[in-house]
Structure formats: structure tokens, C-alpha cells
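Beneath this line is the structure, given in C-alpha cells, with notes to follow.
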Amino acid sequence: MAQSKLDEVVSLAKRRGFVFPAGEIYGGTRSAWDYGPLGVALKDNIKREWWRSMVVTRPDVVGVDTSIILPPEVWVASGHVSVFNDPLVECLNCHKRNRADKLEESYAEKHGDKMPENGMKDIVCPNCGIRGQWTEPRDFNMMLRTHLGPVEDENSLHYLRPETAQGIFVDFKNVMTSSRSRPPFGIANMGKSFRNEITPGNFIFRTREFEQMEMEFFVTPGTDEEWHQYWIDARTRWYIDLGVKPENLRHYEHPKEKLSHYSKRTVDIEYKFGFQGSDWGELEGIANRTDYDLSAHSKHSGEDLSYFNQATGEKYVPYVIEPAAGLTRSLMCFLVDAYDVDEAPNTKGGVDKRTVLRLDPRLAPVKAAVLPLSKKPELQTVAQNLADDLRFNEWMIDYDESGAIGRRYRRQDEIGTPLCITVDFDTLEDHAVTIRERDTMAQERVALDKVADYVAARIGEKRTRVPLKPVEMGGEPWPESGVQEAGGLY
């Protein structure tokens, strides 16, 4: 049976050191993963691009790094202790537990968005294949608990944060005062979160330990809907700008009856991963959280988290627009979208299949590979010096002198390296090298003293300016994205 594209990407990721099972020599832990040399570099590049987009290039967003362990009262105030639950059902045949809502969503996707007429009685267990043999749903709280200090009792009970957002809300007043920020403005946060997922899986898509890239944007009530649409547009363009094909993205509007307890409206950016049973998976949610969080924390803490506009004399609790992205889900999306198989000429005059990751150069873990044509010392010296010179620009550079040059090209293609630089015997005479481009396989001769400039011009450090506010507030319109929603083009 032929492997799916997703299976091939997972195999490549494990084989080439993007992702390893955590604790593999001890049998591993279900859906826990370590990121190898290439994986951690790709993660860092994604985080860097997100931070540049959300903080560095904007005058209205600042950053924080909040604690994983917060006072338990934070989670009481936010509603997580009482409502951060999923409905859990158990198959009476195989005793496998699943989220009832996810089973219903998978059923609807297979049956043209039609929900099961008889509820869970129509749904087949994905583990054993038996239909309709389920227990009644029971709520399951997803927060992971821990205890601080030497005594484990109710007084020492704490939680590992299930989201980074609450750290932003409780720091709202400190950040606003210290940074002299005023609405509309945002606070961005990246870091680890933890959820006791009932059914983790689909490689790194759903795990109990994961990284988030979240931003809370505080606005004047009454302007929230315009800002919400602005951030839906902005976040969608971010994925497209980094190479994701628009036809593989869509927007999912949460039905009103399924909105989270804090949300006025939520739109997910989904990617077509090709999962078994459900093609689409959420990359990022953009929610209009209204004034729920700041009001809740004001009430429970006794601290006034409102904003007073001295110019107008108006005092209000800001509304919040939240773009919340999953880092590891974004990484998985970029890998799947970049994965391709085409043909390349071989030394025998024929063609071979080649695997290539067409990653945007800004995301590629390795920016260029330096390849001496042979292991002759005179070529090795030139190649090693060139690699060291390029690393001085803070680029990750690979040096590979093992195997035929075609095989070395293939090794770099399948990890997404944009450029391969070959040092050959002519280099000793003309002081030039051959640079091969990953996607087209076109080759160009470049003088040694021009190589750094050549690489810099091709790894995409230049960026396009983007609108900084909604059209209704004088901003430029976003270009048509081509991303689908239910009912047509977005």
C-alpha cells in the first residue's frame, strides 16, 4: 500500500533528525517528541518570523515571557478550573476513550457536514470498528496538576498552564504602565503549555506538551469586530507569505453554540494535513474574547484592570482580540506543504526521483551547504574557510565532503537547503565556485568574494510592508488571499 504524503513527511522528519520520539531507548512516551538538530533550527526560524511579524515590525505590540506556573487563583478566575473540560466517551467493546465532539466532527466531515441523526449510536469506534457502543459522555478536566513544596495537599496544588494567554492578562496593568502603551495595543508571548489531552496523536499535531505563539490585542469596545477581521487577514497572510499554498488553507467559523465560554466569535485557520478520517486541522485560532478575561481577573483579584482615556475622559475595560498559533502545528504545516518529489538527472544520463523540501529560505534550517568536489586537501582548505566565512553572517552552514556530488545534493534537497556551493578544481584557478539552487537545480558560477552577498540576496531577508490597522480606521486593504471558507473564497 502506497504511503500518503503525510506518512512520507513523518518518515523523513524522523530519519533526518527533525523529530525523534521522546525517551525512545525506554520505549518512549505516547505523543511526546524531541526535536533534533534540524527540528530545533526550524522551530527557531518559525519563532523568529512570528516575533518579527507580531512585535519587531509593529509599533503597537510589545513582548513578555510569563511563568508556566501561576497562582491557582488565576485558573479559577479564568474559568479553566470549572469549564476547561472535554466530553469523554468510552467504547464498551475495546474500552478506548475518545472526545465525543471530535468523533461527531469526523462523522460530519465524512458525511457532507451532516451530523449523526441518532447521536453516538451512529458513530463507529475508530479503534475497534464497532458502531454505537459508547458510554454516556463524562466531563474530563484537561489541566495538568502539580504540587509546590515538600507537602502535597490542597494548599500546595498548582497547575501547569494550559495556555500562555492568562499570563498576559494578569500582567496587563504592569505592561501597560511600564511600556506606556495605550489601546489599541498588543502583548505577545511564546512558550510551553500543557494539556492532558484525551486522544493525543497525528504525529506532533496534538500533544500534551506543546508550544504556543499567542498575542492579546487590547482595543476600545465597539472597534473589536474591525480589529478581529484585521487579525484574521493578517495571520492568514503570514502563512501564505512564508510559502503555504492558499488552496491548502481554509477558515472555519465556530458555530455560536460551540464557542468557548469567553468568545464572542472565533475563526480558525486550518490546514489540509490529510489526516485519516479528517483532512483538516487547526493551525491557529483568532478569537474575540471581549472583556471577559480582564473583567474576570478584576473581579477575583480586586485589581482595577480598566483603562482611563485622559483625552476623552472615558473609562472602560478593553476588549481583546487573540491570535493564538501552535508552534509545532505550524512546523508540521510548513513541512507537509514544502514536501515534494520530482525528478533529477543522474550521472548515467537518466533521471532519478528526488525528495525535496521547498521551504521558504527564511525557514530553512540550513541556509547553504559547502561541498568540496573531492577530499583533496587543497579543496578542503578552500571549502572549510568559505563555510567559516559564511557562518560569520549567523547563517547555519553545512559542510559535506562524503559521497558523490549528486548524492550530496540529494541530502541537502530533502532537508530544504536552498543553496549548494561546490568548490572544484577550477576554483583554485579562477577563485570562483558553482552555486546550485534547490528548486530549479540551476547552477551559476560566482566569485569567492561575492558568495556571501549572493547568499544574502537569496535567503529572503527582505520583507513586504503590511497594513498596521483595519481599512475602517484608515489602513490599506489586504490583497485577496484565495483561502476558502464554507461557501466559497475568503
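Backbone N, Cα and C define each Cβ position, glycine as well.
Annotated substrate binding site per Swiss-Prot: ARG99, GLU163, PHE210, GLU211, GLN212, MET213, GLU214, GLU322, PRO323, ALA324, ALA325, GLY326, in sequence order. A 10 Å cutoff on Cβ-Cβ distances gives GLU214 (substrate binding site) a total of 23 other Cβ atoms nearby, all chains included. In the three-state DSSP scheme, GLU214 (substrate binding site) is classed as strand.
The annotation ATP binding site is assigned in Swiss-Prot to 195-197, 205-210, 282-283, 326-329 on the grounds of sequence analysis. Neighbours of ARG206 (ATP binding site), defined as other CB atoms within 10 A of its CB across all chains, total 21.
Feature annotation from Swiss-Prot assigns region 'Disordered' to 470-490.
Fewest other C-beta atoms within 10 angstroms, among the binding-site residues LEU283, ALA325, LEU327, are seen around LEU327. Neighbour density for GLN212 (substrate binding site): within 10 A of its CB lie 21 other CB atoms from the protein chains shown. Closest to ARG195 (ATP binding site) by Cα-Cα distance, out of the binding-site residues ARG99, PHE210, GLN212, PRO323, ALA325, is PHE210. Across the structure, ARG99 (substrate binding site) and GLU197 (ATP binding site) place their CA atoms 9 angstrom apart.
When Cβ neighbours within 10 Å are tallied across all protein chains shown, the highest count among the binding-site residues ARG99, ARG195, ARG208, ARG329 belongs to ARG329. Sequence-distant neighbours of PRO323 (substrate binding site) (same chain, 6+ apart, CB under 8 A from its CB) are MET54, GLU214, MET215, PHE217, TRP231, ALA234, ARG235, GLU284, GLY285, ILE286. Separation of the C-alpha atoms of ALA325 (substrate binding site) and GLU197 (ATP binding site): 17 Å, rounded to the nearest whole number.
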